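Trainee: OK, TrEMBL features for this one:
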- 19-43: transmembrane segment (TRANSMEM)
- 37-283: domain 'G-protein coupled receptors family 1 profile' (DOMAIN)
- 55-74: transmembrane segment (TRANSMEM)
- 94-116: transmembrane segment (TRANSMEM)
- 136-154: transmembrane segment (TRANSMEM)
- 189-221: transmembrane segment (TRANSMEM)
- 233-255: transmembrane segment (TRANSMEM)
- 267-285: transmembrane segment (TRANSMEM)
Amino acid sequence: MENNVTEFILMGLTQNQEAQQICFFLFILFYMILMTGNFLIIMTIQRSPNLNSPMYFFLSFLSFVDICYSSVTAPKMITDFQVKVKRISLVGCMAQLFFVHLLGGTEIFILTVMAYDRYVAICKPLHYLTIMDWKFCSILVVSCWLGGFVHTFIQTMLTVHLPFCGPSLIDHYFCDVHPLLKLACTDTYVVGLIVVANSGMISLISFVILVGSYTVILLSFKTRSSKGRRKALSTCASHITVVILYFVPCIFIYLRPSTTFPEDKMVALFYTIITPMLNPLIYSLRSVEVKNAMRRLWIKRLLGRNRRDPDGKFDGIGTVVPAPKNVVGNLSVISPQSYHTNT
């Protein structure tokens, strides 16, 4: 069938004018917090020699993906609050679909890799440096990108070849698979099943792996003191919170037949805006080591210092005092004790 549609009209989050103005300022604030927090994490990790372990390498990569991921949808959504007709071209819609699933799939895989890194660091600390060397970490990051690309290639190719002959009204604030399947002028049953197998099962399997890995980590502390168990529970609970905020909405959206609900737009906010905004706080700013590195970095800038002090920290009045480190070669050792002390 011939494709008669050259552009789509997005309905956005709400049609209420007053609510749109409130959302405009609210999501500008959310986007600024998201960008500032993630950029701060990347800069701190890149400029702090003592944050050179795989854990922080993956954290900086997660922050980079979060910045790109939210930037695919948030700026368009924010500007659409100020226009009456929210238009997007067919090409722009397909491009947005491609990058949403590329970066979303990559984030799913990097969160899974981070859980594996924590499992090795806590359950196999003596073999951590051997297993998580820089070559293996680089392979894991490349694999995350490849996994995201394969995922989005399937989603995009299925959608691009669908015929659209009208209407062109998308009940969403960005172009996604299910709203587009609803507008297609052909039977999309088989395509919907492939979407469930692709997006839905990836989200579900990764979620099970993540919850399982953190459960194993918690069980490994059953022989430790009650204080150690409380710290382990606090740390893993924070990470599991991010996992739930990201994966449960993804599972709700994609692990079902190609149908749409009015609640889909609000649910999608969790994995496109809310979770990327919270990731720096939950994954990084809870770490004493990261907070100390930020303090040293910005105090040195305020004092006009140009040299780095990787082996010392400020005592609060600008004096650098030695800080012992447990380093083998050029890679920091993260033992279970130090991990829970720093988080």
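Positions of Cβ are set from backbone N, Cα and C atoms, glycine also.
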Trainee: Excluding the flanking five residues on each side, which residues at least 6 beyond the ends of the transmembrane segment (94-116) place their CB within less than 8 Å of a CB in that stretch?
Mentor: 55, 58-59, 61-62, 65-66, 68-69, 72-73, 76, 88, 140-141, 143-145, 147-149, 151-152, 155-156, 159-160, 174-177, 180, 199, 202-203, 206, 209-210, 213-214, 239, 242-243, 246-247, 250, 271-272, 283
Trainee: Taking a Cβ cut-off under 8 Å, which residues six or more beyond the ends of the transmembrane segment (55-74) line up next to it in the same chain?
Mentor: 27, 30-31, 34-35, 37-39, 41-42, 45-46, 96, 99-100, 103-104, 106-107, 110-111, 113-114, 117-118, 121, 137, 141, 144, 173-174, 272-273, 276-277, 279-280, 283-284, 290, 334
Trainee: Which whole number is the mean pLDDT over the domain 'G-protein coupled receptors family 1 profile' (37-283)?
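Mentor: PLDDT averaged over the stretch: 87.
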